[in-house]
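The annotation domain 'Major facilitator superfamily (MFS) profile' is assigned in TrEMBL to 36-479. Taken from TrEMBL, the feature region 'Disordered' applies to 1-25. Annotation source TrEMBL lists transmembrane segment at 34-58, 73-90, 127-148, 160-180, 186-210, 222-239, 251-269, 290-312, 324-344, 356-375, 426-449, 455-475 (among others).
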Amino acid sequence: MTCRLPPRGERPHHRMTSRNTAAADPAVRPDGRWLVLTAVSLGLLLATLDTSILYIAVPPLTVDLGATTSESLWIINTYPLEMTGLLLGTGTLGDRYGHKRVFQYGIVLFGVASLVAAFSPSPGVLIFARGLLAVGAALMLPATLAIIRVTFGDEKERNFAIAVWSSVSIGGIAFGPLVGGLLLEWFWWGSVFLINVPIVIATFVLTGLYAPKAQESGAVPWDLLSSLLALAGLTGMVAAIKEVTLPDPSAVLLVGAILVSAVSFTLFARRQARLKTPLLDFRIFSNRGVSAGVVAAGLSTFVFAGVGAVTSQHFQTAEGYSPLHSGLLVGCIAAGATVTSLLSGSLLSRIGPRPMLLGGAGLAAVGYAAGVLVLPVSLGVFAISLVAAGSGIGVLITVASSTIITNVSPERAGMASGVEEVAYEFGSLLSVTLLGSAYASMALTPFGIESSYRTILLMGVTAAVLGLISIAWLLPSRASAVAGNGH
């Protein structure tokens, strides 16, 4: 998931040659640049929306396809899993072959995969389609900002375009459950995928007509083996978490998954140390500001994605709510996050990253803790507690992005941006896997389904508190994000 809104004056110049020298492509007609922005924003919306729109559709599609609990979790997790493994590398494809071309390949693949997903006859086919969607999204996402960079030469217009881009990325992930709920009020579960198709067509046409043709730069080729090793490591980790939360886990499968994960990550780390231009240079984490920003980025999606997915499932299956009403509850988290993410950019330069990150983590913890206390008493007050938690998440999203990017030198900015995107996706992936598996496992025990849901909220509280402690340790009180001081 790409969720970020840099503060004014700190727009993502890490994707530009400089803040004032990035020139627009002369081939772009003056009246066409806003259509280019519309096109890449639609592509970004599709990629981020599909991260969370499925939360609402899982209960009905599980019944319709006869999916097991494990298959349902794979249907959700395959998308962020593949995205996390691929994002570090796919950005180099645009540099090498042209960002417009790679973006269009990605949007076409996304459209085809959406059709396959909408009419999937079995859980296996749907999981396969979600994997194709992830590949399409991973091709599109890195190209969106690059296309904006060469389309808008004027700095003010460029900053406005990036602000629109940021708002779309946040809105897509935040309001996916609500959009899904609205669709399921009138249509079947496949509509959450079928709605992508007309947007894909419009995006492809607008991009083809108006987006500039970037020259092939002969950049360093994508190290596919590194991406595959990262993907194998993540898959093993997810499989191990799912297996260990089963009522009767298989020791063979659990040990096998752990070994696959450990060996793959070890080989990945060793390969990065040998490569002249690695996908991930681990020395970047020696900067405590970068590490704090990565923790905050992962925390923001961890406390949103897992709790959001379980909230949707719980209120539909256990409380008898409609998909729309469940989506509205998850939308409470999204509403709080959207408002504060927009406000945080203007406050960051005055308040500083440390107090804002600590405040965001603390507010998320307090919101979910309040939800545990008031849920049996008042649904209305519970909704307010979710808004409060979401408000903290929104602060984390915005400030994490700026903290990462402004703590690295310009030559490391591209890698830092990739690390940031992976942190968001990894937080979502780990959260849905861990919290979703734990909820499904506890609900089948005498512990009870109501207590299981409150335990999930407490897990969100625990994650927020641990994140707060980590950020406080990593980011000293006098620390400030200063561009160019990274390693």
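Cβ from N, Cα, C; glycine included.
Automatic, uncurated: that is what TrEMBL annotation is.
Counted as Cβ pairs under 8 Å, contacts with the transmembrane segment (186-210) are highest for 34-58 among 34-58, 324-344, 455-475. Same-chain residues lying 6+ beyond the ends of the transmembrane segment (34-58) with a Cβ under 8 Å from its Cβ atoms: 1-3, 28, 72, 75-76, 79-80, 103, 106-107, 110, 133, 136-137, 140-141, 143-144, 147-148, 151-152, 161, 164-165, 168-177, 179-181, 184, 189, 192, 196, 199-200, 202-203, 206-207, 209-212, 305, 308-309, 312-313, 316, 323, 326-327, 330, 428. Per-residue confidence over the domain 'Major facilitator superfamily (MFS) profile' (36-479) averages out at a pLDDT of 83. For the transmembrane segment (356-375), same-chain residues at least 6 beyond its ends with a Cβ under 8 Å from one of its own Cβ atoms are 292, 296, 299-300, 303, 307, 336, 340, 344, 347-348, 381-382, 385-396, 399-400, 403, 453-454, 457-458, 460-461, 464-465, 467-468, 471-472, 475. Residues of the same chain lying 6 or more positions beyond the ends of the transmembrane segment (160-180) and with a Cβ under 8 Å from any Cβ of it are 1-6, 11-12, 37, 40-41, 44-57, 144-145, 148, 151-152, 192, 195, 301, 304, 308, 312, 323, 326-328, 330-331, 333-335, 337-338, 341-342, 390, 394, 397. Looking at 73-90, 222-239, 251-269, 324-344, 455-475, the range that has the most CB pairs within less than 8 A of the transmembrane segment (290-312) turns out to be 455-475. Among 73-90, 251-269, 455-475, 251-269 has the largest number of CB pairs under 8 A with the transmembrane segment (222-239). Long-range neighbours of the transmembrane segment (73-90) within the same chain, counting only residues 6 or more positions beyond its ends whose Cβ lies under 8 Å from a Cβ of the stretch, are 1, 50-51, 54-55, 58, 61, 67, 102, 123, 126-127, 130-131, 133-135, 137-139, 141-142, 222-224, 226-228, 230-231, 234-235, 238, 242, 279-280, 305, 309, 418-419, 421-422, 425-426, 428-429, 432-433, 436-437, 440.
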